[in-house]
């Protein structure tokens with residue numbers, strides 16, 4: 001009666017003839033059990049790291065217009081073994097201030113899917129690196145945003161899932177709060193992302209992160225995060241609002257330069273731990289505003305670029321007008 | 001109003017089921033001859049041997065000057081060694097016919113014998129004449145083993161009596177009914193007599209073309225009745241007879257008289273029907289013989305009014321037979337049910353044909369459930385099948401009797417099918433009304449002789 | 001009335017009905033004793049081979065679920081389909097299923113609708129088997145040759161496999177065979193001819209594609225009628241058959257759905273689509289066409305019946321009575337060559353005629369009573385049976401012994417145990433009735449085949465909570481765009497089996513709406 005089903009049925013018969021069907025009454029996967037949520041952001045104040053490139057630039061250049069960036073708590077990225085060296089000091093600072101430190105672990109093997117030299121050389125090395133991170137944090141309980149883009153990336157596979165699962169286990173067992181990066185609302189579908197998150201051990205983590213380093217609007221990110229949260233046992237999620245003040249740049253397939261250091265961008269909402277929407281743990285600045293997306297849009301490195309910072313501030317609606325004017329007038333060194 | 005709709009739906013269902021039963025049985029009855037190949041075997045009647053049984057042919061006649069001479073001549077020269085022809089004429093009332101009859105009696109001594117219609121009654125009907133004739137036979141002590149009945153215009157085939165004689169002996173039947181066939185279905189003007197008055201050709205042409213639709217239907221009715229319907233009824237032993245070319249065994253007539261005191265029921269309009277039922281009650285078989293070359297050829301009524309009057313008489317007669325309740329004495333339940341069906345058939349058929357489209361229209365108009373509408377369609381569909389079979393039947397008729405059926409004749413059968421049902425309905429209603437008003441006199445059919453092979457100008461007189 | 005006057009039939013009428021029935025039955029048994037000794041064991045074996053293991057083999061496919069849901073709808077809701085009926089098939093098939101269910105409480109007797117459908121197919125299969133025998137006898141075969149045809153038809157792995165699925169073709173086959181049995185009636189009566197036409201109309205109302213076989217039936221009827229009543233037999237038969245067939249378009253006409261128009265389904269619209277726009281399966285003669293793949297799949301089940309039947313077509317040259325049978329088979333094969341759409345169960349239409357023609361070859365070889373010819377025929381029959389005995393058991397055994405529950409059935413049971421009844425499910429057609437009738441899901445699950453094809457479903461669709469469909473569905477965007485979209489927002493919560501046959505239960509995010 002219908003073409004497609006009938007054709008498919010015929011394929012099924014062909015397949016069925018090749019090998020006897022293996023059927024079982026026992027479902028796979030078995031029912032999942034999720035760890036209890038800890039809600040680390042509830043009532044917490046975020047740790048503000050004064051030891052940043054932007055801060056040093058502000059101080060050195062007298063660029064007071066950078067205040068909206070330098071005065072806002074942001075995540076600290078750990079991209080290599082060296083980066084872990086700074087952690088004990090941060091942990092100590094945060095503990096003394098009674099504020100919550102947010103770290104980003106970004107050292108997965110082949111993390112960009114294009115170059116095996118990026119990230120840890122192999123899964124074992126990565127686990128050792130995670131171990132060193134745990135040791136560096138000591139008794140301090142911090143939020144760890146795990147591996148931006150690792151889950152939605154095209155090279156996600158069983159090995160990567162297992163690597164992440166093990167790393168999450170290590171961190172959670174050490175009392176850390178893990179938010180596994182899930183990508184953003186215009187990348188993979190929520191269903192596919194959920195499957196990957198589950199494969200990567202989300203049930204033990206505190207939740208997942210949405211929109212890291214991206215510029216999707218907060219509402220869209222929240223909608224997508226909510227959908228996803230329902231599929232992964234109501235895990236909570238954080239949204240990176242560092243640079244989404246103007247929303248995503250125009251999606252022009254012919255010109256994806258717009259995504260990399262676009263001319264029109266703005267700081268997003270300031271971080272908030274209010275968790276005033278169901279499922280939402282916090283709004284965070286995970287990507288550090290002002291840091292370049294890479295060699296594009298007039299930049300040559302991944303480091304802090306005053307021009308990017310200025311663009312972000314000039315367009316930010318919540319920044320007061322004089323500061324924005326000052327930023328606009330600033331002569332960049 | 002939903003209750004009303006439901007009521008309508010239920011009535012449609014009931015009526016449709018009844019109509020379905022009638023159309024299916026109608027089809028089954030009219031197709032009996034073709035149920036199986038053997039039913040239509042040319043050799044099914046066997047080949048007659050030398051005739052052995054003496055007999056008499058009774059010919060009731062009244063105002064039949066135009067055909068009487070010709071008929072009696074023919075009847076007197078049939079191929080049988082030992083039989084009498086006995087015209088029954090009312091001398092004071094009808095001296096013309098009486099003269100012809102006596103003339104033929106002189107012409108064929110030892111063959112034709114005139115029987116006077118009783119003069120002690122004012123009522124004129126067939127049974128009285130027939131009874132009088134049998135008494136006359138007994139008075140004159142004429143030996144006979146069977147009595148046949150011919151109408152004044154019936155031209156028996158010369159071989160007919162040999163077949164009847166043979167069938168009586170072979171089947172031991174109490175009655176042999178031989179085929180009667182109306183012939184003049186044609187719409188061709190030259191098949192009709194020229195009318196008198198102005199523009200005769202034009203009027204003849206008009207008449208031929210405007211009467212063909214019911215003539216064809218009427219002709220086919222006979223074709224179906226005598227070939228199929230009567231045969232099935234004979235097999236099931238519930239048997240109304242045709243009015244003429246019917247032959248009774250003396251043994252049966254004696255049994256009839258023993259039981260009822262008279263041979264033919266003088267108060268019944270359709271004595272032929274009644275006597276058939278009585279034969280079944282008495283356990284006598286009826287043998288039906290339809291051999292195309294032997295059928296008695298008759299003509300359709302001259303006018304549509306004539307047809308209606310004929311049907312009114314038949315239907316009224318059926319009502320009488322039904323009321324008389326003779327059929328209640330039939331041996332099995334099945335036969336009694338069948339008798340009711342056979343007696344009511346004319347009515348059922350008339351109303352079914354009429355109501356079939358009405359039921360469907362009602363069902364659609366009432367927005368009845370589709371199942372109801374589909375059910376209501378079935379009788380109509382079967383009626384359409386009946387029309388198709390009529391077309392086939394006309395083709396068969398024209399082949400059998402080697403008369404040409406033209407396209408317009410077929411068109412007449414198709415287009416006339418529904419109006420013909422209307423006519424039958426009118427007749428049915430009229431019959432019921434007459435019965436209710438107790439008007440039981442004879443509504444006679446008139447004849448104008450168009451069935452005769454070569455119209456003799458002397459005999460053709462038009463309707464009287 | 002004296003006893004001497006009575007015909008023999010009257011004597012019998014004096015006996016009580018019971019006694020008459022008893023005598024009638026005894027007479028019948030006496031007359032058919034030889035037939036019964038040949039046929040009865042075959043029917044018993046047929047019922048066993050086709051019946052044992054039918055609940056676990058074969059896997060669930062779409063169409064049975066669709067037809068059973070329509071039968072269920074007829075019984076419990078008085079409509080021809082739980083969704084709007086769009087004239088995909090004439091409805092006689094599921095009307096028969098529904099009638100059987102109404103008589104025997106079918107949907108309650110079985111723990112799954114598919115199980116009830118299997119029962120219907122078993123009955124239809126056994127009846128078809130008996131009718132193959134009857135038809136063989138009417139073709140002039142001896143009892144043993146007719147028995148050979150019957151065995152070939154009844155036990156071919158191809159026939160057993162396809163005969164188990166609830167397909168309309170399986171229900172149409174008995175009607176079609178009965179039409180030929182009646183058309184070849186030795187009585188050559190109007191009643192037999194009319195019966196043949198009515199049976200054929202029923203076959204065509206069950207599966208309308210069988211109309212292409214009309215020339216073969218008409219030929220058989222024409223050949224068998226007698227000139228003395230041929231015109232009447234053919235007219236009445238054609239009229240009765242046409243009248244019964246006409247009920248289908250009339251149904252559409254009365255509903256105002258015969259002709260195409262905006263906002264409603266139509267018989268002619270669907271027919272035009274099926275005849276003209278449907279994607280072709282290619283020709284059997286074209287390598288790599290879907291038709292060829294399908295055909296090789298059939299051959300993998302059984303070569304003997306299919307190829308043997310085709311090879312036996314020429315015997316019709318030697319036996320006039322076999323010619324309409326050969327024509328039936330040839331039409332079936334031509335449909336596969338013609339480069340049009342061929343449904344995957346088309347093979348069902350080929351099987352009985354193939355079996356009859358193979359037996360026909362034996363019949364023709366035996367010919368007269370000459371000893372050497374009878375010997376040759378016996379040898380041919382032995383060869384055919386030997387090939388069957390060698391190749392069939394290996395195919396039949398798994399069909400009868402598989403104990404694994406079909407994946408879709410396993411998924412259904414899991415859903416019944418684990419999913420709240422008020423969730424909105426999009427499910428494979430095969431389990432729809434069970435979820436509605438047995439497990440009482442409310443709102444009713446949505447049949448996946450209707451998700452994107454029925455405008456009324458789209459209109460009312462506000463949420464989807466679970467998907468229970470075979471894996472190949474979600475990977476095939478042309479099957480159902482809405483399903484594919486919902487799948488993007490869903491996560492598997494249980495899975496059964498693997499590969500394209502695997503079934504996964506997906507839970508759709510509460511915060512996604514279609």
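The backbone N, Cα and C atoms fix where each Cβ goes, glycine too.
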Select from C:1-20, C:61-80, C:81-100, C:141-160 the stretch of residues annotated by TrEMBL as transmembrane segment. C:141-160
For the transmembrane segment (C:304-335), distant same-chain residues with Cβ under 8 A (at least six beyond the ends): 139-140, 152-153, 156, 158-159, 180, 184, 212-213, 215-217, 219-220, 223, 284, 298, 342, 346-347, 349-351, 353-358, 360-361, 363-364, 384, 387-388, 391-392
Given pairs 6 or more apart, does the transmembrane segment (C:32-49) have at least three Cβ pairs under 8 Å with the transmembrane segment (C:372-393)? no
Residues sitting near the transmembrane segment (C:141-160): Cβ under 8 Å, six or more positions beyond its termini, same chain? 34-35, 38-39, 42-43, 45-46, 49-50, 125, 128-130, 132-133, 298, 301-302, 304-306, 308, 347-348, 351-352, 354-356, 358-360, 362-363, 366, 377, 381, 384-385, 388, 392, 395-396, 399
Given the transmembrane segment (C:233-254), its same-chain partners at Cβ distance under 8 Å and 6+ residues beyond its ends are 87, 90-91, 188-190, 193-194, 196-198, 200-202, 204-205, 208, 221-222, 225, 266-267
